[in-house]
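According to TrEMBL, the protein has these features:
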TRANSMEM  B:20-40  transmembrane segment
TRANSMEM  B:47-77  transmembrane segment
TRANSMEM  B:97-120  transmembrane segment
TRANSMEM  B:141-160  transmembrane segment
TRANSMEM  B:189-211  transmembrane segment
TRANSMEM  B:223-251  transmembrane segment
TRANSMEM  B:257-277  transmembrane segment
Amino acid sequence: MTYTTRKSGLLTRRHALTLGTGAAAAAMLGAPVIVRAQSGPVKIGHLTPMTGFLGTLGGWAVEGASLAVEEINAGGGAGGRMLELMSEDSINPENGATKAQRMLEQDGADFLLGEISSATALAISEVAARNEKLFMAVGPRSDVLRGERCSRTMFCTDIPNTAMVNAVGTALKQQDDIAGKKFFTLTADYVFGHDLLSAAKAFFDRNDAELIGDELIATDVTDFSPFILKLRQANPDYVCLNLAGNQVTNFVKQYAEFGLPYPMIGFNLNTADAWAAGAGNLSGTWPTVWLHTLDTPESKAFVERFQAKYGKLPENHSWISYIAVQIMAKAIAETGSAATPDLIDYLESGAKFDVMKSRPAHFRAEDHQLIQEAYAFTVKDDGSYEDVHDMLELSATVPGAEEALESIYPSTEGGACKLSL
Amino acid sequence: MQLFFLLEQVVNGLVLGGYYLLIALGLSLIFSVGGIVNLAHGAFYALGAYAFVTLSGTFGFFGGVLVSPIVVALLGIAFERFILRRFYREDPILSLLVTFGLALVAEQAIRMIWGSAPLAASLPRELRGSVILGPLLFSKYRLMMLAVIAVLLAGVWVLLNRTSFGRVVRAGIQDPDMVAALGIRLQPYMTTVVMLGVGLAALGGAMFAPITTVHPAMGAEILTIAFVVVVIGGLGSFWGVVCAALLVGVVRGVTVFFVPAASEASMYALMLVVLLLRPRGLLGETIRKFES
């Protein structure tokens, strides 16, 4: 950059002409590449955080997506076309957007897939919309991605914040009458946390529970002791966590260290954060989109295949990334195309997808949310398990078998999401 | 009640400051003696935590806390002998590049050996819980850590100020050529100083592993704070670093009390103010060899 600036005085008209011709030639060279790409492999631009406070989750996502691609290619590809996964660290919203643009423009990605951070997903979604390419937002959970900031080119696979709050809320109400109970929330200070907090507030209001304190916590905070002291001063009935990534692990470990008596619940947890917390530190009821103990034949088989390849249990981000790639492969096979308009039409058609759960999933056409079952899980008592991987126990499938799948998702009626824009 | 609560945050901040001190002290020592800004220092903190998690499986919690810093300090010897030693008299930019590169290599090595997923580590049950003193609440484990840090600190101070070893090191900080002229080889002293600094950082990692996320980038996370502490304290000053670490801890604790959202920013604001008023830091000394 500085180089060109310094030399700009020397840029003569002839140079400019040469540059222009070069650009034109490059454009012409580019044309046949695009033609060839239609029969060549389908390129997936996969972005997910591998550094920063969500960085520990990204590795799981890459492993899940890679396993899916490997299996699909071994089985002859998606409708006969091989998949090529280009995985990169999205880092943060600015870098994520820049890399998304580069993947679409220079690397020839047919569509984008991935992400865990809601903030980065919003940035990538804008790039996808501008380029009229599909973005399968795999891991972000903010309601706004399905609401005010939804996009015709974006589809969301993970359960949104409202569904997570509903999943835990349903389980919590079965254990305890929460009317009149005092909750103190700790919230990750970015779009995801804010959004989760408003879903939590709506839940408290509906059930006459009282929110007696709320702290917004920067994502890079690693020492929670000042907040734990504040908690004790507030003396709540429940400590309620709306934290994300490493924040959860850090808080949970330090909360156990101080040994405060208030029971903990949370509206967001990834299995990896729970495992990282270690034995005896985590307690309470939490939501999840999937857990490796899920008792269906498809899910058990997936866990086995994952373990065979990586020698460890899959995490929920591995699962959701695997599912997202499988969904895209099915869409490509069914439509015989990797072009965004065809894929959008297909995904909006209400096509059913096997997501290894007791009921199949489908995308809701109004807000592009994948409608699927969610779960609550509880943590077994300290000392009743040998290994952290046995620490979590699925407690409830939400919604129950007799209720409509959509009942736990935010309503789209009069909703903020306007896909035509 | 509010006053007690503020006091509680101040004491809690002191404990946190003690933890910053473990990392910052080594950083300051290595810079003072060798003139090297060790960007790989955070990596030793991370290695300390990882070694603790690995070793505590065999040696138990206390064994892990004890053995992990020793193992990492031995690595520190190799680090000084084979890498740092070549850069004492070179342009500082070279050592900056080398240690920065080494920090990246160490982080990736951790990923390759232990994987990128965080490792689980827990406190033994008997160390959990709080000490309640009237209206004040303190974590039992942190009070123990503070005691350990205080003892170590006293030890390092005695070593630097009351032993012949310390006299040579302090002379070496000011004028290595004069030390050489007196017929004393500074190299073994340097090795010891680096070993000590690295060992302290690893001890910080080991002691904090049960109460923080053990992940490959944890070294990079702590290094920024350690640098802020060293800069505020002033280079070459033992007590400067001590004051700065405690000050940063307390300022953070108090900021959380009044403006929670500004707690991370508070230490940078503190650094700005200190540097505006005292460009050498709180107790920064003139180091003759860096003045030319």
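Placement of Cβ uses the backbone N, Cα and C atoms for every residue, glycine included.
Two recorded stretches are said to be in contact when at least 3 C-beta pairs lie under 8 angstroms, sequence spacing 6 or more; the transmembrane segment (B:97-120) and the transmembrane segment (B:20-40) meet this definition.
Sequence-distant neighbours of the transmembrane segment (B:141-160) (same chain, 6+ residues past either end, Cβ-Cβ under 8 Å): 12, 14-15, 18-19, 21-22, 25, 123, 127-128, 131, 166, 169-170, 196, 200, 203, 207, 210-211, 238, 242.
Most Cβ pairs under 8 A with the transmembrane segment (B:47-77) among the ranges B:20-40, B:189-211, B:223-251, B:257-277 are made by B:189-211.
Recorded stretches compared: B:20-40, B:223-251, B:257-277; the one with the most Cβ pairs under 8 Å to the transmembrane segment (B:189-211) is B:20-40. If one looks beyond the transmembrane segment (B:20-40) by at least 6 residues along the same chain, the residues whose Cβ comes under 8 Å of a Cβ in the stretch are 79, 84, 87-88, 92, 95-96, 99-100, 102-103, 106, 149, 152-153, 156, 169, 172-173, 189-190, 193-194, 196-201, 203-204, 207, 222-223, 225-227, 229-230, 233, 235-238, 241-242, 244-246, 248-249, 287, 289-290.
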